[in-house]
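Below: the structure, in structure tokens.
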Amino acid sequence: MIVRNEPPITPELVASHGLKPDEYERILKLLGRTPTFTELGIFSAMWNEHCSYKSSRIHLRGLPTKAPWVIQGPGENAGVIDIGDGQAVVFKMESHNHPSYIEPYQGATTGVGGILRDVFTMGARPIACLNALSFGDPSHPKTRHLVSGVVAGVGGYGNSFGVPTVGGQVRFHTRYDGNILVNAMAVGLADADRIFYAAASGVNMPIVYLGSKTGRDGIHGATMASAEFDDDSEEKRPTVQVGDPFAEKLLLEACLEIMAKGCVVAIQDMGAAGLTCSAVEMGAKGDLGVDLDLDSVPTRETGMSAYEMMLSESQERMLMVLKPEKEKEAEAIFRKWGLDFAIVGSTTPGRRFVVRHGGDVMADLPIKELESEAPLYDRPHVPSPQLPVIQARDVAPSLTTADALEKLLAMPELCSKRWVWEQYDHVIGGNTVQRPGGDAAVVRVEDGPKGLALTVDVTPRYCEADPFEGGKQAVAEAWRNITAVGGRPLAITDNLNFGNPERPENMGQFVGCLKGIAAACTALDFPVVSGNVSLYNETNGRGILPTPTIGGVGLLDDFTKSASLAFKAEGHPILLIGDTQGWLGQSVYLRDICRREEGAPPPVDLAAEKRNGDVVRGMIHAGTATAVHDVSDGGLLVALAEMAMADGIGAALDAAPAAIVPYAWWFGEDQARYIVTVHERDLLSVFTKLKAVNVPCIQIGLTGGHEIAIAGERAVDLKVLRQGFESWLPDYMAGKP
């Protein structure tokens, strides 16, 4: 097959497309000839790591994905769960790591835009966004610039589009110096019986291009996301897409309108690999062929080649299969919204993917093989070495308890991230019940009493030290945060960020974390319904910390009965629920106070997580709990300080028990724990009920005053704590020493 004006296919050209020699040989055998330049680009896009999951697919099969409330699991644009009353929640999380490092503002904006499209492609109206951001060491010369650009990009897109950004994570670690992580999650609401899917159906059905015009931005974006970085990575700036939130808002409204009119047979957003991936997936999932005529594609630049049009990742675009009798009605709707509408092809019975341009056939490929016959690798992997348990008595504290608390709260890991989330509109739409800064966001479901509890969680240092326990803990933390606001955890989406899978130690981390995630999801009845894998997060051979971010969704039957972490009044008994051993391995205290980043992380007892969480949720629903907070990073005393600072009510705390050294008691990071306050009148009944179900519970103090006062220790004024807690990040971003 010879096409005019295309470069010859050479080994160098093949390599530049990210294809290994054996993969190219596979293409030659599949076609029985040399591919055209456009076909090479199509294979490069469909067979890269970002689109094909060729290194991860065999391991992803072990995740639990089913439950009675799951309508759609992995494999579609987003996951869908039933929340009753004919309503469904549609949600997913994806990464935009590589583009955000190269061009932080545009990389972040298009990450948000892409995940929003995944949600409304399914027929849902987006109601909330969350994100998890990982940056390098604050002292790295690029970190401040990257933080500024990414945060502005996330806020700029979400605010303009009109969806609240209600929660997230921000972390700093030197292992992200050369590869930041930008993980974006979107959540939407839809009618449970009106979910739209990507699979085309019917022969000779019109395939319609909708939305913004195609340009040269983003070409090879998916391929870039499937390779390591090096010192020249910033030269890849042209591969970063450019987003327009106002165009996306128009696209949302137009799509929802034609869905309501019954025009749509199948729909797929143009994300990674653009027109190529959307058309191939639509046809292959429907067991049909696709015939595209690129002469009909709306373009914003002159002289674009077939190769460029097929691989462009210009934003705010959709591909649909329409009912033929609804073409004119659909076109009128899109014209009304000022968006492009063009019939660019049709479905065919031949299971071929044919691309035409300027009178030439630029590509003629077997469509199923493009999608389902991508290389599948069971890459070598080695387990991470088992690290020793750190004995608390072997740790020499360098600071008093009070001094350590003040220092920890004024450091990057635990300081307030208000500077970040105040740049996001977290209340637009008027349905945000609990704002950022708590355990989980709570968003009201319109036209009823229900609410959604939303969170994103992961502790990468645990995953590095013990991938299996780290994977379990990421899920357990999401489950715990949803529980702490009164939500019933329903399902998760995951964003699996790892280094180069061709290194056995990295692949071992991936496999270990995935096994931990699967174990926790199974034990907690918390299925995975969508997700994303981002590999090759390395620069010059130095990989990120393994970061399997978990996005959790839970349901509250009555959002007015949600719990929050703030102490509500003086004189409330403070209860610690869960077992405390004083586990210091991989704790923030050990790392930031003792300068020791070592040891085994805390083990996660999933039975205890389930038992303790169910009890706490029951206390919230019964109206017994007046404040609730889970214990995680920084341990017990940090969690207590956060509760006190939230509303300016202090606490008088008992001394640590004699069996545990004080710094391990206050700063250990044992799992499956909650702090709950109750009215004095309910104390005896709470102890009785928890003892009956074998849930550990002790009283550790009383709320009151304006300081954190531990018996036998120096008291710490809340104003002093808040000053350090609130000032580190704005001071850092302002360049203050």
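Any Cβ shown, glycine's included, is placed from N, Cα and C.
Owing to the predicted nature of the structure, the values given are computational and were not obtained by experimental measurement.
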Given that Swiss-Prot lists Tyr53, Lys92, Asp494 as binding ATP, which residue among Gly136, Gly451, Gly531 does it place in the same site?
Gly531
Select one of Gln241, Gln391, Gln423, Gln434: the residue that Swiss-Prot places in the substrate site alongside Ser95, His96, Asn97, His98, Arg117, Glu313, Ser314, Gln315, Ser534.
Gln241
Three-state secondary structure, Asn97 (substrate binding site) (per DSSP):
helix
What are the other residues, in sequence order, whose C-beta lies within 8 angstroms of the center of the C-beta atoms of Tyr53, Lys92, Asp494, Gly531 at the ATP site?
Leu60, Pro74, Met93, Glu94, Thr493, Asn495, Leu496, Val528, Ser530, Asn532, Val533
When you measure from the Cβ of Ser95 (substrate binding site), how many other Cβ atoms are you left with inside 10 Å?
26
Across all the protein chains here, work out how many other Cβ atoms are within 10 Å of the Cβ of Arg117 (substrate binding site).
27
Quick one: what's DSSP say for Tyr53 (ATP binding site), helix, strand or coil?
coil
Cα within 10 Å of Tyr53 (ATP binding site) - qualifying binding-site residues among Glu94, Ser95, Arg117, Glu313:
none
